[in-house]
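Below is one structure, written out as structure tokens, with a few remarks after it.
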Amino acid sequence: MMIIGIDPGLEFTGWGVVSSTNSQSVCLLDSGVISTRGISRESEKLYKIYVSLLSVLSLYKIDEASIEKVFINSNPRSSMSLCYARAASTISVMSRGIDIYEYSSTAIKKCITGSGMAPKEQVSFMVRSSLGIKQDVEINNHSSDAIAAALCHVYNTRNRNFALK
């Protein structure tokens, strides 16, 4: 099964594609960040996220997608921007007929590190450790969070399948 994880953001949207087999192994196929820095109009940023994700989706036979849920923080403007980026990401995935699953950042962190309050550095460390990614391979926080979302979905899917047997 091939899963794309998405960490939405208006300036930086992270993505990571993992492959999971029945033998319980998971490997990272690719990851990256869609940057909209230098684009001033919000509508153009959203379009770039949408088109860029479509491009990534066309490279792989994605079975399912996992995306981080939006949380509302104390800054309404940044929360709205995050919602827009998430919508652009969701529409890209849904337009390809791919089922999308949503997880809160707390649920993803708990699944990956054991603590829903884990700092980004701990999430990144556990993502690298789980997938055997060497320290000299550069993966920024946005990609790491997206890969964590994909891993969270893999682990949750396995637990559901195990419970059904």
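Placement of Cβ uses the backbone N, Cα and C atoms for every residue, glycine included.
As recorded in Swiss-Prot:
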- Asp7: active site (ACT_SITE)
- Glu68: active site (ACT_SITE)
- His142: active site (ACT_SITE)
- Asp7, His142: Mg(2+) 1 binding site (BINDING)
- Glu68: Mg(2+) 2 binding site (BINDING)
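Locations of recorded Swiss-Prot features on the structure.
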residue : record      : Cβ within 10 Å
Asp7    : active site : 28
Glu68   : active site : 25
His142  : active site : 24
Integer Å distance between the CA atoms belonging to Glu68 (active site) and Asp7 (active site): 6
Distance [Cα-Cα, Å, rounded] between His142 (active site) and Glu68 (active site): 11
